[in-house]
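Have a look at the structure below, then the notes.
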Amino acid sequence: MIQIIENAMLTTGSKVNIVVKDSKVIEVTNQYFGEGKVISLPEDVYVSPGWIDLHTHSFPKFEPYCAHPDEIGYKTGVTTVVDAGSCGANDIDEFNEVSQKSKTRVFSFINVSSVGLKIRNELEDLSLLSLEAIEKAIEKYPEMIIGLKVRMSASVIGNNDTKALEIAKQFSKRCNKPLMVHIGSSPPKLLDIIQYLDRGDIITHCFNEKPNNHIFSDKETNNALRAAIERGVYLDIGHGTSSFSYPIAIKAREKNIPFHSISTDIYEKNRINGPVYNMATTLSKFLSLGYSLEKVIDSVTTIPAKIMNNHEIGVIQKGAVADLTFFSIEKQEKMLKDSFGNELVVKNQIKPHAVMIGGNYYECKSDEVKTSN
Ligand SMILES: [Zn+2]
């Protein structure tokens, strides 16, 4: 089936027609005279590649860090969710089942600990880390598993300091998959974590403000971070309940420390009660912090696709998968908090209206979630 999205406004402001055949984009053009089902968009509606949330908790099995992929996915304008370590090798079959049943595309950074987030101190017992189990899982689900996840926080690692990270890094090299590292409360020190990371690895929760263990804690840590970015390590936002700080984000902008991807670290509680709510709210915060619409949308489309090493999504071009997000920007003041209780009055709010996933069109139902404090 041919579908023609007429009058599609890109984030650059230019308008095009996007022609979709079955699940793929076959043409992006100013004029199209062929036959097909026309989707006509109102003047003020933007079209971007489908949004990709690189850090979510999309495995409903393990409470409390869980959500259904479609609740945090297509219903909120997100066409692809990546589960960041909720699931380990033990439950990967069940995770795959959930993924198969979802309209939203679902990928995994598999937890290096086989139990995943069934427990919250998954790296205290190092015997739970098994290369063999991870290799088996990847062999079974080579497309779905895009990397490995390790959580470096005091409450997770017991007395192991960076030992689990050292092991995770070895696993990541052996599997030839990038490592996503959660940073948080020390130990371990952020400085000690950064040294393990190579090109393609990801630091999530990059703008957190945990005492004495964030990117501006001291000069040495900050220099190590800059060197890591230089060698190709990515910085991911991972907003979450306790991991995103406006003051750190503002300082990062002033000091020219770039972030790469905007992700939510969303799960049931921070989805319903905030401070995350959904991806659109997170993106609106970045608009309000002074980033351009193009930069904000790139950070949730093109850049995460690149981090995932996925060439089919994150772009609107001939041959790409027809994953699109339709949204508008509404002038509406709202006070939105970061994870540390700091307040920001957001004047422009991004509102998703619909998505297309592999050529299938779905309306968003994000208004079901209240976003006022
Ligand atoms: Zn998380």
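Numbering starts at 1 and runs along the chain as it is shown here.
Glycine too: its Cβ is placed from the backbone N, Cα and C atoms.
Positions annotated as Zn(2+) 1 binding site by TrEMBL: His55, His57, Lys149, Asp265. Under the DSSP three-state reduction, Lys149 (Zn(2+) 1 binding site) is assigned to strand.
According to TrEMBL, the feature Zn(2+) 2 binding site maps to Lys149, His182, His205.
Summarising the environment of Lys149 (Zn(2+) 1 binding site), the number of other Cβ atoms within 10 Å of its Cβ, over all protein chains shown, is 27. Summarising the annotation, TrEMBL assigns N6-carboxylysine to Lys149.
Under the heading site 'Transition state stabilizer', TrEMBL lists Arg151. The Cβ of Arg151 (site 'Transition state stabilizer') lies under 8 Å from the Cβ of Gly85, Asn111, Glu122, Leu123, Ile157, Val181, His182, Gly184, each of which sits 6+ residues away along the same chain.
You'll find the Cα of His57 (Zn(2+) 1 binding site) roughly 14 Å from the Cα of His205 (Zn(2+) 2 binding site).
Annotation note: His55 (Zn(2+) 1 binding site) sits in a strand segment as assigned by DSSP. Listed in sequence order, His55, Thr56, His57, Ala84, Thr204, His205, Gly238, His239, Gly240, Thr241, Ser243, Val276 are the same-chain residues at least 6 apart in sequence whose CB falls under 8 Å from the CB of Asp265 (Zn(2+) 1 binding site). Neighbours of the Zn(2+) 2 site: apart from Lys149, His182, His205, residues of the same chain with C-beta atoms within 8 angstroms of the site's C-beta centroid are His55, Ala84, Gly85, Val150, Arg151, Met152, Met180, Val181, Ile183, Gly184, Thr204, Gly238, Asp265.
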